[in-house]
Amino acid sequence: MNSAIGPYKGGRRFHPSVNLDILKFLAFEQTFKNSLTSLPMGSGKGGADFDPKDKSDAEIMRFCQAFITELYRHIGPNLDIPAGDIGVGAREVGYMFGMYKKLTNEFTGTFTGKGFAFGGSRIRPEATGYGCVYFVEEMMKTRHSGLEGKKTLISGSGNVAQFAARKVLDLGGKVLTLSDSSGTLFFPQGMTEEDLLHITELKNKPGARLSEATQYLNAEYLESQRPWHIPCDIALPCATQNELDEDNARTLIKNNCQVVAEGANMPCTLAAIDIFRDAHILFAPGKAANAGGVSVSGLEMSQNSLRLNWTSGEVDERLHSIMQRIHHSCIEYGTVDGTTGYVRGANIAGFVKVADAMLAQGVV
Ligand SMILES: NC(=O)C1=CN([C@@H]2O[C@H](COP(=O)(O)OP(=O)(O)OC[C@H]3O[C@@H](n4cnc5c(N)ncnc54)[C@H](OP(=O)(O)O)[C@@H]3O)[C@@H](O)[C@H]2O)C=CC1
Ligand SMILES: O=C(O)CCC(=O)C(=O)O
């Protein structure tokens, strides 16, 4: 499938001849913790030092409108495409899209992550979390295993974490934790469907804390702690950058964790990644494991261009096969002497695809 977008971050512009279903070529990570960030497709992350946590809906709307009043000149359906990220979901994208439409008098696919009523794609909210777990499923297959009964630690409780948890439960795994910037909720017996519903309802209220959930959930709240000391089979850091360091990596290995996949962008420090590599843990970097989000954003643009809406089933099927193909590329490029390094595979596959397209187009 040819997409109308460049699939890498850290480049500059729209690149029509590069396929969507490749690995994200992640050159850098968002730099503003606790800020509004958004990622233009085929480009870099942008952000603002505006903390939405203590702001009213009207203040957030006015901020988004002011932001777009300046940014609108530099974005467009064939230029750079902003999307959601930390602190930016359908609400913020809706406000930015509305202002963009007012200023340009155009209804185009300039933003992704839009509401379903005005051009958003089914499964875009789910895509990053689901995609990450589809990737993990493929990793487990290389060890002749699956997610059934596997104890899984998930950090974060936002968009990526919630849908990663949903998919792990669907595939029969046990979700032991979710977390936020104040602490971790630990479900010793594994979270139930009902627990997840309660948490989703709670965390989707602006400013809510996971600590508020302990009264009605069968969980322990671990104040100011991250999840990584809890014994598990699979670890999915899905919150923010640098949330899993070398000590956490050593603890995971000591506790026999087999698979680590980054749902967030760059959540594991470089030192932690080296430790996973030396211990032959299956470790998937975000540029591969969390590429489901940007991929379905690409599918959203395709639907906008076609003036079509695909069903949830159709988008999910495409997402699933994109994640399988990304996994396949990692194996193809990352296997040396029978051992697969997903970091190596993801880097080489992403680089080769972008380099080939650039070379084919000549030095201009
Ligand atoms: N949304 C998407 O489609 C994609 C997201 N990503 C990446 O995934 C990660 C999560 O994004 P997303 O779920 O969309 O964001 P959300 O804003 O929906 O959720 C972020 C979560 O991370 C927690 N968090 C934030 N800062 C910290 C911290 N310092 N320590 C511990 N937890 C923290 C938040 O807790 P609290 O409520 O306390 O703030 C919240 O639970 C980011 O790295 C993002 O770049 C990658 C690909 C696509
Ligand atoms: O939907 C998108 O284009 C961006 C997703 C995202 O935040 C990311 O890939 O880091």
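Glycine residues also receive a Cβ, built from the backbone N, Cα and C atoms like all the rest.
Following the DSSP three-state reduction, the secondary structure of Gly84 (substrate binding site) is coil. The substrate binding site annotation in TrEMBL covers Lys9, Gln30, Lys33, Gly84, Ser297.
According to TrEMBL, the feature active site, proton donor maps to Lys45. Reduced to three states, the DSSP call for Lys45 (active site, proton donor) is coil.
Taken from TrEMBL, the feature site 'Important for catalysis' covers Asp85.
Look at TrEMBL and you will find Thr128, Asn159 tagged as NAD(+) binding site. Long-range C-beta contacts of Thr128 (NAD(+) binding site), restricted to its own chain and to partners at least six residues apart, with a cutoff below 8 Å, comprise Asn159, Val160, Phe163, Ala164, Gly263, Asn290, Gly292, Gly293. Taken residue by residue with DSSP, Thr128 (NAD(+) binding site) is part of a helix.
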Densest Cβ neighbourhood among Gly84, Ser297 (binding-site residues), 10 Å radius: Ser297
C-alpha spacing of Ser297 (substrate binding site) relative to Asp85 (site 'Important for catalysis'), in angstrom: 12
Rounded distance in angstrom between the Cα atoms of Gly84 (substrate binding site) and Lys45 (active site, proton donor): 10
Candidates near ligand 2 among the recorded positions Asp85, Asn159, Ser297, judged by a Cβ under 6 angstroms: Asp85, Ser297
